[in-house]
Amino acid sequence: MSTANTSLSQQLDEKPWVDASDNSSVQEYQGFDATASHNIQDLARKLTHGSTNGDHHSANDLARYLSHMSDIPGVSPFNGNISHEQLDPDSENFNAKYWVKNLKKLFESDSDYYKPSKLGVAYRNLRAYGIANDSDYQPTVTNALWKFTTEAINKLKKPDDSKYFDILKSMDAIMRPGELTVVLGRPGAGCSTLLKTIAVNTYGFHIGKESQITYDGLSPHDIERHYRGDVIYSAETDVHFPHLSVGDTLEFAARLRTPQNRGEGIDRETYAKHMASVYMATYGLSHTRNTNVGNDFVRGVSGGERKRVSIAEASLSGANIQCWDNATRGLDSATALEFIRALKTSATILDTTPLIAIYQCSQDAYELFDNVVVLYEGYQIFFGKASKAKEYFENMGWKCPQRQTTADFLTSLTNPAEREPLPGYEDKVPRTAQEFETFWKNSPEYAELTKEIDEYFVECERSNTGETYRESHVAKQSNNTRPSSPYTVSFFMQVRYVIARNFLRMKGDPSIPLISILSQLVMGLILASVFFNLRKSTDTFYFRGGALFFSVLFNAFSSLLEILSLYEARPIVEKHRKYALYRPSADALASIISELPVKLLMTMSFNIVYYFMVNLRRTAGNFFFYWLMCASCTLVMSHMFRSIGAVTTTIATAMSLSTVFLLAMIIYAGFVLPIPYILGWSRWIRYINPVTYIFESLMVNEFHGREFECGQYIPSGPGFENLPVENKVCTTVGSTPGSTVVQGTEYIKLAYQFYSSHKWRNFGITVAFAVFFLGVYVALTEFNKGAMQKGEIVLFLKGSLKKHKRKTAASNKGDIEAGPVAGKLDYQDEAEAVNNEKFTEKGSTGSVDFPENREIFFWRDLTYQVKIKKEDRVILDHVDGWVKPGQITALMGASGAGKTTLLNCLSERVTTGIITDGERLVNGHALDSSFQRSIGYVQQQDVHLETTTVREALQFSAYLRQSNKISKKEKDDYVDYVIDLLEMTDYADALVGVAGEGLNVEQRKRLTIGVELVAKPKLLLFLDEPTSGLDSQTAWSICKLMRKLADHGQAILCTIHQPSALIMAEFDKLLFLQKGGRTAYFGELGENCQTMINYFEKYGADPCPKEANPAEWMLQVVGAAPGSHAKQDYFEVWRNSSEYQAVREEINRMEAELSKLPRDNDPEALLKYAAPLWKQYLLVSWRTIVQDWRSPGYIYSKLILVISSSLFIGFSFFKSKNNLQGLQSQMLAVFMFFVPFTTFIDQMLPYFVKHRAVYEVREAPSRTFSWFAFIAGQITSEIPFQIVVGTISYFCWYYPVGLYANAEPTDSVNSRGVLMWMLLTAFYVYTSTMGQLAISLNELIDNAANLATTLFTLCLMFCGVLAGPNVIPGFWIFMYRCNPFTYLIQAILSTGLANAKVTCAPRELVTLKPPMGETCSSFIGPYTEAAGGYFSTNSDGTCSVCRIDSTNQFLESINALFSQRWRNFGIFVAFIGINIILTIFFYWLARVPKGNREKKMKK
């Protein structure tokens, strides 16, 4: 029944939205806002306009509608006192249709108060354009700089029109309020771009100046600036906060769109809760109210329910114009139909204007649409009434095949290989997209459309729609909201609601704040124990300063990972901004406020324990000031890191920048480089460094006004025991000759240039920094739109791109309009399609034949069960079947019937549960160890490495999965053959890439199939939902491809979800499972599925209508479609049928006869893997190296971090002198060299996880290569890059610091330089192995990063720099000895500092007076000879003493002996080996499936 012939009353009565007894079904309702109060005259006009049966019929419809409305109470459903159960969303009798009618009548009762609004859209000459690159080359490490430089220069040049191409060619359309429009086209046709343009969501492309778009008189600028939430674009992806419940997610959206004019006495909370409940009841989500939304990694609602949450959230925005981009993705056809009915009802009753781009649209769904837009490569080839589109194209000369849906027919016209002209019209119909458009623009339908649009534009200019709409918009807004604002509630109300949502997120996953607080407490205990109970003496001055410095360092570091949560939330915040729910700045401010309690608890849990265990100044005032400054440090650094995150577009860039900034702040805080020793060029850094002011205040707070007993005197030791005090001096800076104490104030003044008067001043400066960075962060969030989405392009290697462009130029002959833009790879012209079809049928390489398969795989009584909540549940129940060469068997069933489970059981891929009964046989024999290598399994997900080309992916599979006896040339020839067979020649050298920049959906699916085919599966090919998520034409082409493979002798078993009649015709047999994994049918389909139809009709099914889709009819018959019920149990019908007996007899016959055939006794056929281990290892390692090489972002971010940090440290400590502070600085330069450790690991982890995902999801189950080859390849392939990085770091750090100069006196510059290079490169190799160890036993990157950070922090603390072995408590001494950094630092310091002379700076000399009658030589000489150091005699007779004269004395004090440098290097290398061994062990322990499920079954 077409839309044109459907009256309003029929829509309301014959297609009810909701079955009151089934709250789980998707019910028809969409969009609640002030548009509900349109007057009856508008409704009558629309009805009259839409009717094809005359005015009398329309009048009857209107009268009937008014009669229905008279029965509606028109009461407010929001006040909580709901007298009608049909209006209560929590009632089982809730009726969404009744609820909407009631709401409409309520609004009509006081239209002046509710101020209803509606919005249509019309456009003429609409053109969208972007950069003319539908193909580009993949940057590598060698050409990336050149590419980025040329792109930057091109941006600075005057725009060149030749660089742009039209995504949407000039087009015209009008969508009036109350009309539902569908947009049809193949992927890349411009459907998404059209919807984004209408929704004023044009970031990433441009709109032509000649384009005219009006929204009932409003311009796109008006919509973007003032009414953004009234015109929305809903993307096909589902992004939500995973730890927020469904109810909280929808109530949050409802609160932010709650209007001011919601009715008297109704508070916002009541209104929002009621609206959210209505939507949950309408879309069958009520039972999920308290369930987390979840995502791919967090358990939550199902994928289909998550899609419905997205739909409900978008609907709650109350938008007048809704642009839905493939919103039915992930929904089965019945649920999708219910959603479209909801859109239709929304348009009909509430006068909304929905547009939807949809794939695989059923006929029932299509008949609900008022208008249809058909796009072909960016050209609009039709716009008009949906009921007239088919007739238009048939009149053009195209044939619509029997049982093909209208939507599929319209879309198929844009596919040259699929469309079919009527006899006699072969030379008359248009062929190219431009010819189709020319035909359309010369048609009378187009002339009528342009006339209607022109009249609409004139009407918009005459009417005062803008002011009326503004009044309606302002009436909805809360108090203190600017009338020009697109938001419904005020800024501070937005902040309040987002704060509440953030607390709910914490409640949904309290583990994150709890673990953060507990980890801070544990780290406080561990770190404080290192400096435990410091004595109040001068020999603890360095350690006391080090303890304060590390507390600042830890508090600053604690906010670094906030960048990750910022990027995680950014897509959701951007979506909500487009829905006009709240400003990004409101979210920024709210996130800081909501996280403040957790931050304060974190600082308390660390700092309270740390402060008192270290024995810092124990007075209340000093403690609270310390805690105040540490909390301020956390806030300042949090705001700074957030600002960096807000100004960048990638996590890698943000983390690298943050690390360099943090490094600068630590070095110039005043401890690592005290102010007197900061070089002149860099003094400005300390003035803009907030950590400098914080550290100075903490040092003043600890030392000012205190006296410390001297811990060590000069001279001291044997012979000086009874020396009077006036003749000795304390060794500490700031000491006074003859005094037994040192003034703390004097010490920090002379050693650090810290002044007590700066204490509270610095606090004020810190607060100013916090406010400044807060303002910067909040402001930046408003302007950062994230990485710009590029158009769909295909990436090649640079050399391959040149060949591709030459080929494209030759085929297009310079005319961009002659075919696809810039040689677009998605489409071919008709001649190419025909030629390619003929070419591939013959095969391009006559010497290569498809593997002949004569073996038959069959199974009998297969039963599988899993344990769920301590209960064994049967998933498959005695399933029988077979797959023969040359046949395609379809595996169908309802969701949850066990289709994928059956595939996994048949292919031996089950990882849980037990096969309790049944046999799986090949030619009558049990499965052997080579079975998994003998099959191909095409998974539903297309999992590939993004930097691999199509040809490389196929070659990799062929090299490792084909027999090792076959030569490389033969394998390469076979790969070429499969490329031709799958019609992938045009993009064989293209990279897989990512969505938008790489292969499209169809090309990825073909590659997935190809990877399995090149393995030469001699037995059969499994395909799991190969058409899922594809448009109907792509699904059809995949099925044609399967048919071609079967015709070449391949046996195929394929699961498929509700196929069209055309797709069903490609299958030979059907195995249908009903709920519980029970067989309802197994047998031939027959021509037009007649054999299957006859079977069900024979056993009592209603006859199949001639025009019906047999698949959908069968689903209705067996009760597998939503809302349908079977007349009988078809499992029992099957088991008692003669057809079942025939199947059993055939299985028994095959077992008896086939088992007599000779078996393949080739020993290689029984191997678990086709290739030997060494070959697996080499190929996997090389692939990983190539992946890194083609990921210049990864390599350059690593290089930039290494070069910037090494140079920064090197020049900050530039040619440090060999005095007391200089030695200290050189040691801390080594310490700071290790600080970027965690960032190196954070950069590496995502790439490891990408490889692991491909291996574990696809390559491991197919026995491509072993787990040992995978982990070994990952480890060793990273080492060459680390050696290069270490070499660069060596030159950037070692020479600027000046350590090489210490080797000059002993003429050992070369030997010590080589050892230093080995040490530094070993450090970088260690970082990669540590990262791989952390991720080897963790599923999530965050957990691995946290583990690595914790281990790294402990290594730094116990390495002997901040606290030596003589200070570390005895309990922790094992941490010092088993710490790899201990030996590395000792080796680096001994190699860099040994055997050099020390000369104290003047401020480092201590002065003392010799006893009466003695000279400096006689008095101090014996001491310096025994203890080391040197002295000089001053003019006044006093002695100036430097306590050391050789770097070896300093090295001995920190246990870094030059004689042990090679031993220490060897120990550190051993730690690298331990990392590698543990990585392999933990990967095997945590990730490799153990045991043999076949053995378990036999037990």
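Using N, Cα and C of the backbone, Cβ positions are placed for all residues, glycine too.
Note that the structure is a prediction, hence the values are computed from the model and not measured.
Here is what Swiss-Prot says about this protein:
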type     : residues                                                       : note
TOPO_DOM : 1-511                                                          : topological domain 'Cytoplasmic'
DOMAIN   : 148-402                                                        : domain 'ABC transporter 1'
TRANSMEM : 512-532                                                        : transmembrane segment
TRANSMEM : 546-566                                                        : transmembrane segment
TRANSMEM : 596-616                                                        : transmembrane segment
TRANSMEM : 621-641                                                        : transmembrane segment
TRANSMEM : 660-680                                                        : transmembrane segment
TRANSMEM : 763-783                                                        : transmembrane segment
TOPO_DOM : 784-1193                                                       : topological domain 'Cytoplasmic'
DOMAIN   : 857-1101                                                       : domain 'ABC transporter 2'
BINDING  : Gly893, Ala894, Ser895, Gly896, Ala897, Gly898, Lys899, Thr900 : ATP binding site
TRANSMEM : 1194-1214                                                      : transmembrane segment
TRANSMEM : 1229-1249                                                      : transmembrane segment
TRANSMEM : 1279-1299                                                      : transmembrane segment
TRANSMEM : 1315-1335                                                      : transmembrane segment
TRANSMEM : 1354-1374                                                      : transmembrane segment
TRANSMEM : 1465-1485                                                      : transmembrane segment
Taking pairs 6 or more apart in sequence, does the count of Cβ pairs under 8 Å between the transmembrane segment (596-616) and the transmembrane segment (660-680) hit 3 or more?
no
Return one of helix, strand or coil for Lys899 (ATP binding site), based on DSSP.
helix
DSSP three-state assignment (helix, strand or coil) for Ala894 (ATP binding site):
coil
Between 0 and 100, where does the mean pLDDT of the domain 'ABC transporter 1' (148-402) sit?
87
Under 8 Å between C-beta atoms and at least six residues away from its ends: which parts of the chain pack against the transmembrane segment (621-641)?
551-552, 555-556, 558-560, 562-563, 592, 599-600, 602-604, 607-608, 611, 658, 661-662, 690-691, 694, 697-698, 701-702, 759, 762-763, 766-767, 769-770, 773-774, 776-777
Near Thr900 (ATP binding site), which residues of its chain come within a Cβ-Cβ distance under 8 Å, counting only those 6 or more away in sequence?
Gln940, Asp1024, Glu1025, Thr1055
Do the transmembrane segment (1194-1214) and the transmembrane segment (512-532) share at least 3 Cβ pairs closer than 8 Å, excluding pairs fewer than 6 residues apart in sequence?
no
Could you tell me what the rest of the chain brings near the transmembrane segment (1465-1485), counting residues at least six beyond its ends with Cβ under 8 Å?
1267-1268, 1271-1272, 1275, 1315, 1318-1319, 1322, 1325-1326, 1329-1330, 1332-1333, 1336-1337, 1380, 1383-1384, 1387
Would you count the other C-beta atoms found within 10 angstroms of the C-beta of Lys899 (ATP binding site) for me?
24
Counting only residues 6 or more past its boundaries, what in the same chain has a CB within less than 8 Å of a CB in the transmembrane segment (763-783)?
573, 583-585, 587-589, 592, 628-629, 632-633, 635-636, 639-640, 642-643, 646-647, 690, 693-694, 697
What's the number of neighbouring CB atoms sitting within 10 A of the CB on Ala897 (ATP binding site)?
24
Validating a neighbour-count step here. Other CB atoms within 10 A of the CB of Gly898 (ATP binding site): how many?
24
Local Cβ density at Gly893 (ATP binding site) - other Cβ atoms counted within 10 Å:
24
Other than its own, how many Cβ atoms are within 10 Å of the Cβ belonging to Ala894 (ATP binding site)?
22
